[in-house]
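To start, the structure under review is shown below, and the notes come after it.
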Amino acid sequence: MGAVHGVSFKYVGLAGVAAAAARWMTPSDMDRLLFADDADLSGLYNIQLLFVLYLYNVSFINLVIAILFNLQLGMGILGKDPVSGSIPIWSYVLFFGFHGPTYFYTKIQRERDRRSGVAPADEVEPGWWVGGRYSHELGKRWAGTIDLTCEFPETSTQEKYLLVECWDGVPPSPEQLEEAAQFSIAAHERGDVLVHCAHGRGRSTTTLCACLVRAGRYPTWEDAFAAIKQKRRVVKLNRSMRRALTEWQAKYSTKVK
């Protein structure tokens, strides 16, 4: 569960740091008196107050997300459209304390991957791809896309789209894995299939394991994971992801080709 705890600590840590910074930056009563009679200083005072409010928003929103994450609930709270994969403007306004840090964290991680030679997405088997939210950089049109993120809008181009909303580090349920696997087989008959999450490491890998087993490429999810690992070295599965795949395999094993 280390990876899951790491994601949870990321949200809790950000909430704590933002709250501490907000308290430190909150103007005192003396500051208010000093700035009251100076128009220029009064403007700076108002800007400071707005930034303090922003920091408190970051703290509150990320604390709420951390709670929902640990309960594995509320994936739809950000309002992502299951048909288009778009995220509405109201979500960015209401949850800007979450969207902003998440965007920059993922952008920084992508730049680190780029420098270390990690592609936006990798082809594991002919027509079967696994990657992150920047997979659109490949410039491909996918026959089908399975999107495991609830925190980012879909940016790839595809004929068919399936949204399976999961918090970062949290796997789909066995039922969702089966739905994604069935979707992928139908889409693969028309062309290449992309399975992606934010970074192309955990959620997407979990789902592609089920897809490849369902397609008859590998007998078990463990074999599928080993094959994915050979093609994309950064992939990893936490304990909850392995458990979800084991439960999926036990429940649907008689249906696997």
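From the backbone N, Cα and C atoms, a Cβ is placed for every residue, glycine too.
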Subject >> Which listed span TrEMBL calls transmembrane segment, if the choices are 89-106, 179-196 >> reply: 89-106
**OP:** List the helix, strand and coil residue totals of the domain 'Tyrosine specific protein phosphatases' (175-232) as derived from DSSP.
**Re:** 37 helix, 4 strand, 17 coil
